[in-house]
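Copied from Swiss-Prot, the annotated features are:
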type: TOPO_DOM; residues: 1-45; note: topological domain 'Cytoplasmic'
type: TRANSMEM; residues: 46-66; note: transmembrane segment
type: TOPO_DOM; residues: 67-73; note: topological domain 'Extracellular'
type: TRANSMEM; residues: 74-94; note: transmembrane segment
type: TOPO_DOM; residues: 95-105; note: topological domain 'Cytoplasmic'
type: TRANSMEM; residues: 106-126; note: transmembrane segment
type: REGION; residues: 115-150; note: region 'Cation selection'
type: TOPO_DOM; residues: 127-140; note: topological domain 'Extracellular'
type: TRANSMEM; residues: 141-161; note: transmembrane segment
type: TOPO_DOM; residues: 162-173; note: topological domain 'Cytoplasmic'
type: TRANSMEM; residues: 174-194; note: transmembrane segment
type: TOPO_DOM; residues: 195-207; note: topological domain 'Extracellular'
type: TRANSMEM; residues: 208-230; note: transmembrane segment
type: TOPO_DOM; residues: 231-258; note: topological domain 'Cytoplasmic'
type: TRANSMEM; residues: 259-279; note: transmembrane segment
type: TOPO_DOM; residues: 280-291; note: topological domain 'Extracellular'
type: TRANSMEM; residues: 292-312; note: transmembrane segment
type: REGION; residues: 309-344; note: region 'Cation selection'
type: TOPO_DOM; residues: 313-330; note: topological domain 'Cytoplasmic'
type: TRANSMEM; residues: 331-351; note: transmembrane segment
type: TOPO_DOM; residues: 352-360; note: topological domain 'Extracellular'
type: TRANSMEM; residues: 361-381; note: transmembrane segment
type: TOPO_DOM; residues: 382-389; note: topological domain 'Cytoplasmic'
type: TRANSMEM; residues: 390-410; note: transmembrane segment
type: TOPO_DOM; residues: 411-417; note: topological domain 'Extracellular'
């Protein structure tokens, strides 16, 4: 039998060590908790308080309150639109921060997915409610807004600031994007022509089948384009001046992050959830807003709704043009248009297919013709690789003509209903 006094002595000898170990463990846990809290507070400060657009955030909760307390659909629509605008910008910011940690390939896929997340979320809620024309027109409006208004304002502002010289950009990149946009026009044109020439094999079904097949082809084409861009090719399709940029500046611009990877993921999840909530109220208020504001649904969908997703892109495109970084401006404006036409629209067709909704690529003749003419105008503007304020002014004036056209346009499907 062991001596109890020996056991007690051993316990007394090891007691201070056990106490020190427990104290050290609690200190480590406390320090980790403190670091977590400090990191969380820092990310909140950066994400919430560094963007002036966030002054519009209170309009989001206000729109929800108005939805349940009044029947003023016009105010609910406007407040929802204002509330989503800063969320769209912060969603893009969180995506860019996460892309820093993931590398160019995954970062490119993230940008393809979340770059136009606001438009996709609004489109999915509209699809859920069977508002196929709102989906088609809002996505068309985003393309037109980016190509004409965003790029026009950027060219105009950059041309005024740098009026003594021509601003140049990569012609090769512009040609590739123009080609993809023309392919998107082709994908939208054939279902419309098939419908209006009454040459379908199965009336009302052939255009849907063709749209679904074309959407899959367009998604493959966009995936190939992404791979082509992200495969590390050092050729004419890289942005101009990239080879001349000092390594220090490149590292400084490309690799520095303001928030951590897990913080970026958390913000992406929270912002996407909040955009989803507000999008539901926005979509539900569209028809009521059309009546109360005395505006056509087509005008709201094509002109007003794209403001939600394009406000941040508009500001950043102008800023980069004023800094004489035209390739980044084109990446924002034309790149976003390419992404919507070759990824978001086909993706919505596939999602509608899964939902049992007959979402197709028949955007009607008026909308398809508008897109076709716009792509041609922009392609001619970009063919020489030079930007100036006159080109910007012409693009802005073209957008005003488009806006006026949709203000007096009566949607044939709406009138039939």
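Placement of Cβ uses the backbone N, Cα and C atoms for every residue, glycine included.
Remark: the transmembrane segment (331-351) makes no contact with the transmembrane segment (390-410), by the rule of 3 or more CB pairs under 8 A. Most Cβ pairs under 8 A with the transmembrane segment (46-66) among the ranges 74-94, 106-126, 141-161, 292-312, 390-410 are made by 74-94. The predicted model assigns the topological domain 'Extracellular' (280-291) a mean pLDDT of 89. A Cβ distance under 8 Å defines the sequence-distant neighbours of the transmembrane segment (174-194), meaning residues of its chain 6+ beyond its ends; these are 147, 200, 206-207, 210-211, 214-215, 217-218, 221-222, 225, 237, 330, 334-335, 337-338, 341-342, 345-346, 360-365, 368, 371-372, 375, 378-379, 382-383, 385. Secondary structure of the topological domain 'Extracellular' (352-360), assigned with DSSP and counted as helix (H, G, I), strand (E, B) and coil, comes to 4 helix, 0 strand, 5 coil.
Helix, strand and coil residue tallies for the region 'Cation selection' (115-150), in that order: 31 helix, 0 strand, 5 coil [DSSP].
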